[in-house]
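Going by TrEMBL, these are the annotated features:
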SIGNAL    1-20  signal peptide
TRANSMEM  140-159  transmembrane segment
TRANSMEM  165-185  transmembrane segment
TRANSMEM  197-215  transmembrane segment
TRANSMEM  227-245  transmembrane segment
TRANSMEM  257-274  transmembrane segment
TRANSMEM  280-300  transmembrane segment
REGION    387-417  region 'Disordered'
COMPBIAS  403-417  compositional bias 'Acidic residues'
Amino acid sequence: MISELRISVLLMLLLSEASSLPYDIHWLGGPTTIEREIPSSKKAIDIYCYTGTTKSLFALWQTVKFQIRIKNDEFRQYLGSNPEDVYKEYTKDSYGWSVVNPFIKKSQKTVSINLFEPTCMAINTKERHSIDLLVQRVDLWRVILMAAGIALIFSSKSLSGNPVFFYLCGIFIGVFASFMVLMYYISKMLPKRTLTYGLLIGGWTVGVYLFQQMWENIQTLAVDHRNYVIWYTLAVSFISFLVCYRIGPPRNQRSKNIVMWTIQCVGVLMIFFSSEYQEASAAIIIASMIIKYFPESWVYRIRGYWRSRFPPARRLLTSEEYYEQGARETRRALAALREHCASPDCAQWAVMLKLNDSKRFASFVEGNSHLSDDEILDYESYAFSLDRSRKPSSHSTRNQLEISDDDDLTDSDDDSA
C-alpha cells in the first residue's frame, strides 16, 4: 500500500513538472504534417523533435528534412540537439539578441537534419504556417551520386586518356579559375585595414558573415544579370577550350597516372558524401578499390581452382549436331586448304609432281569439289546400304520381342490350365 502511494506521488510530481514546462515537445518519427494557426492562445512554444533512426543498410540513401510552409520569410528558426538547447536559443532571441547580433544564421524553409541523431526545431512567427517532416526512403540524388562515384573509380584509367573528358574538365576548371581570379581582383579593391581589423576583433564569425553576404550578393547579381553571366561563361569556356587544344591531351604515362588518381579521389569523395551512413560509404569505397586493383593473376587462379573443384557438366552431342559439326568443320578446313594452295606460299608445281592426278588438284584449287562423281555415288550407296541393314535389324528385334511376349502368354495359359 505504501509503495503504491509513493508511485502515485511520483507520477503526480512528474506530471506537474511536465505541465510547468514553458514549451511543448512534439516527437516525430515518420512523415508528419502539423498545421499552426497564429495568433494562438498558447503561451508555451512548440518544439518539434525528430527521434532519429538506427543505422542499417535500409538507411543508406535515406534523407530527412524539416520543411516550413509559410507565405513570407518573416519567421525565426531555432535548431538544437535537444529541446533545452532550442529553448535557450529562443529565449536569447526574445531578449533582443538577434537585433544586436548581425551574424545570426539566416532562417531556411527547408532544413536537412541528421539521420541518426535527435534534432529539434522551433519556429517563432506571427504568420500561419505548417511544419512537415519529409522522409525520403530512397533519395534519387544520393543514388546517382554514389553510382557516379563508383563509375569514376572503375573508368578512371580510360578517362585519363580520353580527349573529350580532357576538354570538358579543362573548360570546367577554366571557368572556375576565372571566377576565382575575378574574386581576387575584387578583394584587392577592398580596404585592407578595415577588413583586417574586423577579422582581428570579430574573429572567424566576421569572416563567415562577410563570406555569406558576399555569396548572397553574387547570387543576386547572377539572377539579375544572367545574360552577362551567360556570355561571360561562354567566352571563358571558348578560351579554355583553345588553351586545352593548344596543350593537347596528356601523352606521358605519369601525367595519365596523375589524372587517373585525381579522378579516383573525386569518385571517393562522391561516394563518401552520397550517404549519411558514412561507415557503409567507407565500406563501399574500400570494396571498390579492392576490386579495382585486385590482381588478374589471382582471379585466374581462383577461377581455375573453382573449375577444378566444380567442373561444368559436359553435354554430349546428338547425332544431328555431330553430323552438322562435321560438315561445318570440313567446309572450313577445305576453304583454308584451298586458300593456302592458291597463295604464293604454296609450291604448286612441287605438290603436283607428287600427286597422281594433278588435274584434280588444279580443279580443287579453282573451286570445284574435292570429290569425284564416282566417290559421291559410292558414298551414297554405302550410306543407303547401312540404313537398309539397320531397319531390318530393328524390325526383327521387334518381332522377337513380340514372339517372346506371345510365348509368355502361352506359358501362362498352360500353367493356369
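Start at 1 and count along the chain as shown; that gives each residue its number.
Glycine too: its Cβ is placed from the backbone N, Cα and C atoms.
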Leading stretch by Cβ pairs under 8 Å, where the reference is the transmembrane segment (165-185) and the options are 140-159, 227-245, 257-274, 280-300: 227-245
Best-contacting stretch, by C-beta pairs under 8 Å, relative to the transmembrane segment (257-274) and drawn from 140-159, 227-245, 280-300: 140-159
Cβ-Cβ under 8 Å with the transmembrane segment (227-245): same-chain residues at least 6 beyond its ends: 166-167, 170-171, 173-175, 178, 221
Residues of the parent chain within Cβ reach of the transmembrane segment (140-159), under 8 Å, 6 or more residues beyond its termini: 61, 63, 165, 259-261, 263-264, 266-271, 273-275, 281, 284, 288-289, 291-292
